[in-house]
Structure formats: C-alpha cells, structure tokens
Amino acid sequence: MREIVHIQAGQCGNQIGAKFWEIISDEHGIDATGAYHGDSDLQLERINVYYNEASGGKYVPRAVLVDLEPGTMDSVRSGPFGQIFRPDNFVFGQSGAGNNWAKGHYTEGAELVDSVLDVVRKEAESCDCLQGFQLTHSLGGGTGSGMGTLLISKIREEYPDRIMNTYSVVPSPKVSDTVVEPYNATLSVHQLVENTDETYCIDNEALYDICFRTLKLTTPTYGDLNHLVSLTMSGVTTCLRFPGQLNADLRKLAVNMVPFPRLHFFMPGFAPLTSRGSQQYRALTVPELTQQMFDAKNMMAACDPRHGRYLTVAAIFRGRMSMKEVDEQMLNIQNKNSSYFVEWIPNNVKTAVCDIPPRGLKMSATFIGNSTAIQELFKRISEQFTAMFRRKAFLHWYTGEGMDEMEFTEAESNMNDLVSEYQQYQEATADEDAEFEEEQEAEVDEN
C-alpha cells in the first residue's frame, strides 16, 4: 500500500491535526478506540494509507505529534480521539518556543528534532511503500514554523525522493496572535519554497470571513476555523484514501499541479459551506457545486483568484453523481472564464470523483488551485516584514538565539523573488512564445 506519514507540529498544527483525524476516522468507520464499525468495504480498501493495523484489529493513525511544550498535546490526549494515537508518538519538550522561529529552528527545536526523527523513521520503516509525508503547522508561531521547517529539511535529507506535503496556516493581520508573525512566516516561506513539493496555504483571515459572512457565525472560534480546515483536508485527501475513478497519490497530484518547482503554493476551497450547527442541508446540484467551488468567497486563502490566473486546478467531487455532468460543468466554467486560466497549459484542470460523500452531505466538492493570485498573500506578509525589519524591531530575540541578520535579508529577497515569479507567469501569454520562435527563425534565416 502507498502509505503517508502524518506529522503535526506546534499548537496550531496539533489542533488542526487532531480535527483531521477525528473527521477521517469517522469517514472510515473507526471509533475513538481504533475499532472498525463501518458499513462499506470501500472504507477499508485503502485504510493503510493513513492507519497502521495493530493487534486485535485496531487501527492506529500513522501520526507523529510534536510540540515544544506539553500543553496542546495534553489537550489532544484528553480530547475525543486522544486515545487512538500511539503513546510513543507524542514527542514534546518543556521549554516552549515563545513564538520565536529561531528557538524552533536553531535552539530548542534542534534539541528535540532527533527524537522526533527516530519516531518518524520507525513509522517509515514499517511502511510497505512510503509515498511521502504530510505536515500540519502554522507559519506565525515558533514551533510549527521554526521546528516544522527544520523537520522538513531533515526529512528531505533522509528521504529525498519522497513527496513532502504541508498544510500551512498563514498568519493574517485580522487574526493575529503575535507581533512577530511576519518574521516567522517569512523565514518559514524561505524554507518551504526550497523543501516542499506541495503546500496548501490556509489563511485565518479567509477562514474568519467564511465563518462570518457565509456561515453567519457572529463570533467564530478557533474550533470553527479548524472545522473548515479539517473539511478541506478531508476533501483534499479523499483521492488518497478512497478508491475512485481518478486515483491520485501525492506524486500524481504534484505532477499535475506544479508546472515550476518553486510555484507549489496552493489555494484550497470547499463547497458547499454549511456551518457546524446548521443541519438543514439542501440537495445541491453539480452546477451549483462547481459554481460555488470557484467562487472567491470559498477560498481558504485570503487572495482573490480574479486578480490572477490559474496555472493548474484540481477538483475533487464527492458523492453519487454523473461523471458526464461533472465534466460538462467543469468545461463550462473554463470556457466562460477562459481569461482566468493560462492558455499556455492546455487541459490544466483535473477532476476526480469519489463515491463516498463526507458525513451529513449528499455531495461536496474540494478545490485545489495553483493561482498566481497567491502572490497577494506573500506580498502582504512581505510588507509587514519590511516595515519591522527596516527598523530592526524585535530582531534581538532572533539574534540572541544565534541568528544573523543576513538570514532575514535572504528570506526577504527569496519571498520577493517568489512574488515576481508568480507575476511573470501571470503576464505570460502563448503568443510571446510564438514571437520568440519567429525571432529565432529569423535569426536562422539570416545565418
């Protein structure tokens, strides 16, 4: 089987990760003790992608839980599915990273990283055919961002040919935990650009807007935000967990989605959006799902896809529906909005259909877009970074852990390069290539 090793780091990563395991355990008919109570063979057919089978027919998540302080992991352990995880896979320190990237990446995190890698290695060795790793973390704090990126580069060193996939929660001005988030995020992006194959950018601002506008929640809690994230993660991983007509694994997804190695930051979306409390589900049609899925309001990253163009798109539909209708609707969207898709990648929209819908819904759709509009997110962080860095504000917290200002400058310019690369491909057209070829032909003729 093609296994995935899941790692969750830091407070945010552990909270999102715990929700993810709750939702997919439910979808696979696995209860909080790891026992199977399902009703369909499909639930078990690819169960090994995320679960190990233990003695007594129990299913145990192939998850490694990491943090530099014990608090969050205690709450995961005492949470609804806390007993399903393997106790040895909780790896934590006592000191905390204090929202300081340098502590997570260079000092405190570096001390803990080897014991984490031991657990990761153990999980990887028991795999039949490991396809890759997925990490849930945030970029604004200290542990998820600093130690998370340290883990990525160490795992990359040891497993260079395996796919590395991250679900990264990007800080936003509206929902800010700490003032140094722009520093931590920029230093993290600097690492992610080089060391991951696929990164799903999840943005608290976008999640807040969805909860507030669409779901009509007056005071959204982190629980509500994390619920949205876990819906999206469940949708994105559907193809990996269930047999379907278009069976994706992490590598196939990367091949379809990443036209240039650095441009691997995706914008996820989900439809239909219904709040946790509201159970009045109406029967949705495929056209409505398709329409909603491409809507800017449904994006989990606070970027407007209409401000950029899609390089590639993957859509995953779930539920019993006609493939023909799905294909027609997807073509319809592309034809009506052709200016928003780059014309130099033909057939850049891929669609998969899985028969098993998420709990409580007849059908749903998950959207993964590689859009040049994601540059808005990096620009936003970069502006905040520059404002502080120009005055060297808060730098002593980082240099005190042995970091050099040079590293900040490098991270800043790497992120600005990333923005320019997205911009370059946003403006590129197919005719430029034609002109270029004509010029070359002209040169050949002259010679």
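Cβ coordinates are placed from backbone N, Cα and C, and glycine is handled just like the others.
If you look up Swiss-Prot, you'll see Q11, E69, S138, G142, T143, G144, N204, N226 marked as GTP binding site, on the strength of similarity to another entry. DSSP assigns E69 (GTP binding site) to coil in the three-state reduction, placing it in neither a helix nor a strand.
Residues annotated as phosphoserine in Swiss-Prot: S40 (among others). Over all protein chains present, the Cβ of S40 (phosphoserine) has 12 other Cβ atoms lying within 10 Å.
With a cut-off of 8 Å between CB atoms and residues at least 6 apart in sequence, the same chain places F92, G93, Q94, S95, G96, A97, T143 near E69 (GTP binding site), listed in sequence order. What Swiss-Prot lists as Mg(2+) binding site is E69.
As annotated by Swiss-Prot, phosphoserine applies to S339 (among others), with the evidence given as experimental evidence. Within 10 Å of the C-beta of S339 (phosphoserine) we count 9 further C-beta atoms, all protein chains included.
Taken from Swiss-Prot, the feature region 'Disordered' covers 427-447.
The annotation compositional bias 'Acidic residues' is assigned in Swiss-Prot to 429-447.
The two recorded residues, S339 (phosphoserine) and G142 (GTP binding site), have Cα atoms 40 Å apart. The 10 Å shell around the Cβ of S138 (GTP binding site) contains 29 further Cβ atoms across the protein chains shown. Its Cβ taken as reference, N226 (GTP binding site) is surrounded by 21 other Cβ atoms within 10 Å in the chains shown. Sequence-distant contacts of G142 (GTP binding site), defined by Cβ-Cβ distance under 8 angstroms and a gap of at least six in the same chain, are G10, L68, G96, A97, G98, N99, N100, W101, K103, G104, N184. The Cβ of Q11 (GTP binding site) has D67, G71, T72, S138, G141, T143, G144 as same-chain neighbours under 8 Å, each 6 or more residues away in sequence.
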